[in-house]
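Engineer: Once you've had a glance at the structure underneath, I'll fire off some questions.
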């Protein structure tokens, strides 16, 4: 876009924080609340699924999902998410943010319910049906990443834009916590109604038939808050930046935002016509794109990829780490529902003490410290805490030192969320031109999910004991060495962050070089 900025976009940039900003945070944030609930609640119920469908009463230990089944159940939604991020990111730039936004929510709600209703006459049938619906659930979740980030970015003023996008993403923390709370409540209720002995006391009686309802209720419950926001999601007008810069209808954008901001915004016919005919048209991966944004795309994809290797390998399999350090007793000493209860309690404590505070520290400090320095700090601190876990690992696993391990582990999550887990979501929504913003955010997010898949699938095998792996698994490098690998991954993330531009306090059109602004242009690059 040549020349200065449109009146409607300038008005949005300068707007005071008001009610519609908070409505946008809630509407977009509840999608992320559901995303996190749906993605992470599966880690709560995999042990229960193993007991229900793969228990052999003649063995001394409860049933567990075979390695290939466990990998499929935990990872298939991530595969769907990757595909959804690419597809809906592209579609959001082609059809508009709003028109695609409602469809992703419907897909999430339907597939979440269907996951809980998975059927089959055998264990294989149930798991296959579950994986099918969780893939498409992930596909819908994937669409929420680029669309929610882009919508919030394009609605916000430039002074608090980072905090608003971070607040949307921070709803993930509440989604993870809510999943743990639901699992705690459901398992506690069923334990009270259907008491059972431990597996070691009575193999068959330790698993009550009603346990099959428990995992289904947990998987389906996340649809409730998402469904409640559908009406408001559909009432949101299309973003002014899409309407003005992509649909080339600046007058309509001004009219839409006049209603939202409760102020009269005038857009001259001459200025609107200039935008309609004068916008740049170079496409994704063109020479002009690579010259302006090639390093930016390398930065946002690589840092998100590296972050998610570490983040998802910890988060999806933290229950196994808790078992090693003694927070969750051996499975045979518990019945099925008690094991679920203890896993959920551990996840709730980590979410409450490490995950959620980190997200909201980002909200509080991102407009003070900036995106670049928060991301550098987060990766560096994650590296340090991972090394602090790995180097004296045997010390942490000896009796009397388990609490120290949990504290260190919690700080790792804190600095992931007060760090790259938040900023890798925020930056791609700010630094690309409007016509490619959703697409590039989707590409960056998909790179992250590729890292998550490596973390989720790879950690199952890599963290196995070098001498006594779990049944069905080959020997791995052990948790200690896996923690060293994750520390190295985080250090690489620190290095790649040097390519990330700073976008604090700047108009989206200045950051993406769609308008010239000599005063702000230098700020697009970290000092």
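Just so it is clear, glycine is given a Cβ too, placed from its N, Cα and C backbone atoms.
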Engineer: For residue 253 and residue 442, give whether Swiss-Prot records them on the same side of the membrane.
Structural biologist: yes
Engineer: Same chain only, please: residues at least 6 beyond the ends of the topological domain 'Extracellular' (121-124) with a C-beta under 8 Å from a C-beta of the stretch. Say none if there are none.
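Structural biologist: Residues packing against the topological domain 'Extracellular' (121-124) from afar: 53-54.
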Engineer: Report, as numbers and ranges, which residues of the same chain sit near the topological domain 'Cytoplasmic' (92-99): CB under 8 Å and 6 or more residues beyond its ends.
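Structural biologist: Sequence-remote neighbours of the topological domain 'Cytoplasmic' (92-99) are 143, 146-147, 150-151, 154, 234, 236-239, 242, 246-247, 435-439, 442.
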Engineer: Who are the chain neighbours of the transmembrane segment (372-392) in space, where the CB to CB distance is under 8 Å and they lie at least 6 residues beyond its ends?
Structural biologist: 303, 307, 310, 362, 365-366, 405, 408-409, 411-412, 415-416, 418-424, 427, 480-481, 483-484, 486-487, 490-491, 493-494, 497, 500-502, 526
Engineer: With Cβ distances under 8 Å as the criterion, find the stretch in 71-91, 100-120, 164-184, 406-426, 482-502 that has the most pairs with the transmembrane segment (212-232).
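Structural biologist: Ranked by Cβ pairs under 8 Å, first place goes to 100-120.
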Engineer: Of the listed stretches (71-91, 293-313, 349-369, 443-463), which one yields the highest count of Cβ-Cβ distances below 8 Å with the transmembrane segment (406-426)?
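Structural biologist: Stretch with maximum Cβ contacts: 349-369.
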Engineer: Are the transmembrane segment (443-463) and the transmembrane segment (71-91) near each other by the rule of at least 3 C-beta pairs under 8 angstroms (pairs 6 or more apart)?
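Structural biologist: These two stretches do touch.
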Engineer: Can you tell me which of 100-120, 125-145, 349-369, 443-463 gets the most C-beta pairs within less than 8 Å of the transmembrane segment (293-313)?
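Structural biologist: Looking only at 100-120, 125-145, 349-369, 443-463, the most contacts with the transmembrane segment (293-313) come from 443-463.
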